[in-house]
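Shown next, in structure tokens, is the structure this report addresses.
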């Protein structure tokens, strides 16, 4: 089996070449050389210099070589690894631009020639694109080349009949929000620097995201392109990227079987064990026997009339999919709440303000109450609805049009989701984690809003059954790529207190999962974790992994080194890995046993029996909480 890794074959050194031109200003001289050679030249008061890999290299134009002076330097990778990595990236960028590729931020290279128009909209072209990333594995450097597609307008922005939210500048590689293109004048949004009229509009093309593909009706075709043509992107690497042969071995990285790990995930239900989560309908919830209370909320009597046939088929017919699923999952009884005065099972809400009738009635009720809210239209922002409904209700909004033609698997998913939100219910137990009841898993996400110049910190704690022990979020912190460790310490103490209150003792092991890298002082973090002398492990989780293969890796884990792994979750869409790096491990588990637990956390909770989470559950929780204000409450079963 092969991975898209190509070993760097040149010496791990950087060569610094110096140039002196007494007839030219150094800044201007450096700028001209950078433009002509497609690589950055630096300047000082009197000198210009270039940093390149330690290979034979001649600058353009040839006569400029006469300005080269004898002074040069060789800097080894061990002396300055950051310089070596930056230099490799810059040289790769030059080679791509020299060979008819656009550069796009994030080390993406868009083929100018390898493109084709979409069948569903010929004004949009799919360009074969390669994303490049360097990896250091067991002291050797590799370039990872990941094929993908970029969707650009066929013509420059001012000539394009189709427009999108963002413009891509083919010269700078940057994207900008599109403002207008009237009377031959193209305007873009520069954020804090305001709106600008561009000087060279021919350099700007519309860039279409997956969301815009939905808007314009070609999202299905994009999915098919990835499904049917991404394989050819891998096959073209050797032929298309021949120009990189001077620095890399263009043969793929051969993955030996001892580097492949398979974790057998088994679900234990009440009446059986299976590797398939869908067998929950066959074997019933691991723990249930709960009554389920349901309240229906409608926007108007007209709405009730329009969907009454669908409601009767679903909720009055005892042989319906709804009742069948209720009993399959082990619920003991269904109770439809009624309005106290009228005895009606229809409760009303205002579709404009989302105020509900009988709010006091619901606030005084105890137990698990599912609120099925029928919506007339899609709500772009559902926070207002969540704010107005009592906090003790478990909200299940559904569009009226979907209820009228609802599929059986959707009904089953709704019932399953209800069980997920009831604390007394346990759909299943992951057998790999069943004996880890004294281990606590903490997820941390630090996200940034560069426009507002603020950071948000979210932290969760989850046990081996997927129960959320603790969840909190800090909004609008001072923008910083590092976590505020005073907050982390305070939250850690809160988590331990919550755990102790539930279990009357502290956990024996804590595994801390960080979305991204630990940029903070690790020693301080270790001191925080040592408060109660609990054994711990620190793990970095990178969800933007470039390493992949044209072969099927789903449900496999790749061992890159003793502490570095990539797992490929089972998904219905494109194969994409998640990198796990174990930074610190002072638990009694070895690294592979830690990895097994982390991977099992992707299955410890399923949002529906038809969907897997891609990230370990503690991070899935904080990612959702960090990205939304209140909407996460519809998906994350945490009622505090």
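Including glycine, each Cβ sits where the backbone N, Cα and C put it.
Keep in mind that this is a model prediction, so the values were computed, not measured.
Annotated features in Swiss-Prot:
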ACT_SITE  445  active site
ACT_SITE  481  active site
ACT_SITE  515  active site
ACT_SITE  623  active site
BINDING   445, 515  Mn(2+) 1 binding site
BINDING   445, 623  Mn(2+) 2 binding site
REGION    1-100  region 'N-terminal domain'
REGION    101-153  region 'Linker L1'
REGION    154-209  region 'PAZ domain'
REGION    210-291  region 'Linker L2'
REGION    292-423  region 'Mid domain'
REGION    424-640  region 'PIWI domain'
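Sequence features, as recorded in Swiss-Prot, placed on the structure.
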residue: 445; record: active site; DSSP (3 states): strand
residue: 481; record: active site; DSSP (3 states): coil
residue: 515; record: active site; DSSP (3 states): strand
residue: 623; record: active site; DSSP (3 states): helix
Inset, instruction - Quick one: give me the count of other CB atoms within 10 A of the CB of residue 623 (active site). - result: 21
Inset, instruction - Rank the active-site residues 481, 515 by the number of other Cβ atoms within 10 Å of each Cβ, and give the residue at the low end. - result: 481
Legend entry - Rounded distance in angstrom between the Cα atoms of residue 445 (active site) and residue 481 (active site): 11
Legend entry - Neighbouring C-beta atoms (10 Å sphere around the C-beta of residue 445 (active site)): 27
Legend entry - Tally of DSSP helical, extended and coil residues in the region 'Linker L1' (101-153): 0 helix, 42 strand, 11 coil
Inset, instruction - For residue 623 (active site) and residue 481 (active site), determine the Cα separation and express it in whole Å. - result: 16
Inset, instruction - Could you state the whole-number distance in Å separating the C-alpha atoms of residue 481 (active site) and residue 515 (active site)? - result: 12
Inset, instruction - Taking helix as H, G and I and strand as E and B in DSSP, count the residues of the region 'PAZ domain' (154-209) in helix, strand and coil. - result: 9 helix, 20 strand, 27 coil
